[in-house]
Structures are given as C-alpha cells and as structure tokens.
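S.K.: One structure follows; several queries about it will come next.
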Amino acid sequence: MSVSVVLGSQWGDEGKGKLVDILAGDIDVCARCAGGNNAGHTIVVPIDGVEKSFAFHLLPSGLVNPKCTGLLGNGVVIHLPSFFAELDALESQGLDCTNRLFISDRAQLVFDFHQIVDGLKEVELGGSSIGTTKKGIGPAYSGKASRSGLRVHHLFEPETFAAKFRKVVEGRFKRYGHFEYDTEGEIERYRKLAERLRPYVVDSVAFIHKALASGKRVLVEGANALMLDIDFGTYPFVTSSSTSIGGVCTGLGIPPKMVGKTIGVVKAYTTRVGAGPFPTEQLNDVGVHLQEVGHEYGTTTGRRRRCGWLDLAVMKHSCLINGYDAFNLTKLDVLDGLDEIKVGVSYSLDGKELSSFPADLELLSRVEVNYVTLPGWKTPITEIRNYDDLPANCKKYINFIEEQLKVPIEWIGVGPGRDAMITKRKDQ
C-alpha cells in the first residue's frame, strides 16, 4: 500500500485543507510531516446537519472525517499549549478526536522561549526581517539542527527534561540577554502537560508502517509549500523545514518507494505572506481585486497576503522537485470579474530568457516576467459543479495551465464551500 500526498506548490495558502478534507472521506490515516502551528486553514463541514467552521493550524485536517486517524510525524515541531488549545477548540465544536490522534515520540518541542526568541530575531534583523509568524518554529528547528532541542520522549524523563531545559534556556539568555522568562514555572507546567500528552504519544515510524502493512490508506498533508522550502524556496524568505516531497519521507520515516500519488495544490493566481521577491505581484487594482474578492488574509496571523498573477516559472520549478501526478486548481472563481487574465510563463534577465528558477534573490528581484494574456470569462462560476458547464474561456485557462506544466488538473475549486469543487476527468 502506498502513501498519497497533498503538497502546496506555491508560497502557501493554496487551499490544501479543503482537498484533504474531501479526500479524507476515503482514507484511514491523515499525517503531517513538517512544520508546526505556523500554517493555518479553515474547513467548513456539516456536523449533525449544521455547517460548522473548523480552524486548523497544527492538527491534521483529515480529522474532520470521524473515521480518520490523525498523526503528527517526527518532522513536526509541537507547541503543547497550542496543541491542546486547538484540540479543545475542535472538540468543543463537536469534533471528537478521542483515540484517533497521535504524536511521534521523536517530534521536537516548541517552547514559549522559542516564540520570544523568534520575535527578538526579527527585531535584530530590522529591515531584513523574514516576516515569520513568531510562533517559535524557526528557533525550534534551529535547536534541532544544533542537536540541543528537546523531543517529546524527553517529557517522560522528568529529571533529564528539567536539566536539559534549564541548559537550553540559559543558552538563549547568553545569546539574547536575560529576557523575562520563568524557567522553573515552565518545567512544572510541562510536567503536568506530559501526563495529559502521554495517551497521544506513539512510535510514529512503527505506527505508520503497521498501518500501511495492514492495507490502510494513508494521506500526507503537506504544510506550507514548495516555495517556502528551506532548500528549494526563496531562501532566506522561507520556513525552516523541508516542505517538498523529500520532507514527506524524512518527516514520517517512510521510504521513497512507498510514496504514491502526489497532488499539487495551486491557486489560480499567486499569493505570498511576508517579505521576499514576488515577480508577478500586482500593486494595482488587479492586486486589490484578488485580495478583496479572494479574502486574502492569513488564518494564522490575520496579515494581508500579497497578490499577483499565476506564475508558471514558479510552478515549473515546483514540478521539477515534487513530481506532481495531478493538480487541484483552487479559487478559480476569484478571477470571474476580470476582463483579461495574465499568466507569467517565464523570466528574462538582461534580455535573456532564463531556463531555470534563480537561487540568487538579487537576480530574482531583477527579472522581467514574460506574460501571456488570456481572455476572461466574466461569468460567475461558483454554482457550477460539472466541468462541461464552465465558460469556454475558463476551460481555455485551465487547459493552458495543463499544457504548460504537462500535469493534469483533476480538481477545480470554484468557491469556499466544501461542495464547491469540480472533478475533471482525464478526457475532458
């Protein structure tokens, strides 16, 4: 049995959660392999006949299916107070997660001091700040890389945990000065949290391989997106983990040969949050239209997202690394009101077309985007559920993307509702 994967193909916020929610109806395990509570999305589902909105940040959104088990793998970093706050919020809305949510004993822990340090680092960087969510994700991964981080299993060795915790905090004091922090109070708080956490902790490698060996269907929900990957994104304006297909293997302990269908989620235009080059960004009426009609505000931070045309130079780079088998094109309805739609197909620098995506951001900031202009459809598509019923120009836009990327689009999002998703057959 192989693992299916859903990955963000741009700079995040593509709408991965909605597809995961739909696919979760046919899966047994939904796993996360990277990131922390720095990502976020909202899913609207009917519970007992009433539509309810659930906000996910850290927990796998497949939990909306009551028959699905959620797993946070070893590649995830976990802030326990946020974990329990999110879990309590979901359960208070009627989503029972009893005996169907598990955490890897190898996962790294995020502490409040990581969040404080995250803010201090941004202040230190000043005008060069990356624009993090200040959730402590970067400092936690930094501790992991320097082998000073604490993992979930350390919580169950109280004396060892306390000694390691004091040492790590003291190291942060030496680096950033003595900021206000109750070290002993935190040790006591985590002693109590450890007991509450104990029933959720498993050896995630054994867990997922046992599930696969028994024929269970596993779906991996990627966090963030390819252009935020620590290696392949617009470094340093990236997150601190591997958000590419490679992170699926390292973040869950599964071999590449077990990775099956890989689905890329791509927004019909482009957005990003925070600083960094954005070649197709539209600082004009088009950008305002995309932002307002698309409700482009972050679930985690509430920040306005920067908006621009679809960038196929980004997508070609993304395809090379993740090897998508299919796409879910999302928020296509946001383009309904536009007379014409531009698509960036390549970059030129100093008059020469580039053959690959630049690693050097100084070069990326100077590129000229080569656009193709397509006609708009000027017709609302939110109520359409059959591909054949889409306007002709809308189908031309979809076909153009497929032809350029040589990957089929199997799902098309045409609105925020759970049912606002068109399934496209290969012969259409």
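Easy rule for this one: first residue shown is 1, then count along the chain.
Just so you know, glycine gets a Cβ as well, placed from its N, Cα and C.
Feature table excerpt (Swiss-Prot):
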type: ACT_SITE; residues: ASP13; note: active site, proton acceptor
type: ACT_SITE; residues: HIS41; note: active site, proton donor
type: BINDING; residues: 12-18, 40-42, ARG305, 331-333, 413-415; note: GTP binding site
type: BINDING; residues: ASP13, GLY40; note: Mg(2+) binding site
type: BINDING; residues: ASP13, GLU14, GLY15, LYS16, ASN38, ALA39, GLY40, HIS41, THR133, ARG147, ASN224, THR239, ARG303; note: IMP binding site
type: BINDING; residues: THR299, THR300, THR301, GLY302, ARG303, ARG304, ARG305; note: substrate binding site
S.K.: Nearest to GLY15 (GTP binding site) by Cα, among ASN38, ASN224, GLY302, ARG304 (binding-site residues)?
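M.R.: Given the candidates ASN38, ASN224, GLY302, ARG304, the nearest one is ASN224.
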S.K.: Ranking the binding-site residues ARG304, ARG305 by other Cβ atoms within 10 Å, which is at the bottom?
M.R.: ARG304
S.K.: Let me check the 10 A CB neighbour count of ASP13 (active site, proton acceptor). How many other CB atoms are there?
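M.R.: I count 26 other Cβ atoms within 10 Å of it.
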S.K.: DSSP on ARG305 (substrate binding site), three-state: which is it?
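M.R.: Reduced to three states, the DSSP call for ARG305 (substrate binding site) is coil.
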S.K.: Per DSSP, to which secondary structure element type does THR42 (GTP binding site) belong, with helix, strand and coil as the options?
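M.R.: Where THR42 (GTP binding site) sits, the three-state DSSP reduction gives strand.
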S.K.: If you count the other Cβ atoms within 10 Å of each Cβ, which of the binding-site residues ASN38, THR42 comes out on top?
M.R.: ASN38
S.K.: Based on Cα distances to ASN38 (IMP binding site), point out the closest of the binding-site residues GLY302, ARG305, VAL414.
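M.R.: So, spelling it out, the nearest of the binding-site residues is GLY302.
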S.K.: Below 8 Å Cβ to Cβ and six or more residues apart, same chain only. Which residues does that give for VAL414 (GTP binding site)?
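M.R.: LEU332, ASP333, ILE381, THR382, ILE384, ALA420, MET421, ILE422 - these are the non-local Cβ neighbours of VAL414 (GTP binding site), listed in sequence order.
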S.K.: Which binding-site residues (ASN224, ARG303, ARG304, ARG305) fall within 10 Å of LYS18 (GTP binding site) by Cα distance?
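M.R.: Final answer: none.
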S.K.: Out of these recorded positions, LYS18, HIS41, ARG303, which one has the fewest other C-beta atoms within 10 Å of its own C-beta?
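M.R.: Checked LYS18, HIS41, ARG303; of these recorded positions, fewest Cβ neighbours within 10 Å: ARG303.
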S.K.: CB neighbours of GLY15 (GTP binding site) within 10 A?
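M.R.: Other Cβ atoms within 10 Å of GLY15 (GTP binding site): 19.
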S.K.: For VAL414 (GTP binding site), what is the secondary structure by DSSP, using just helix, strand and coil?
M.R.: coil
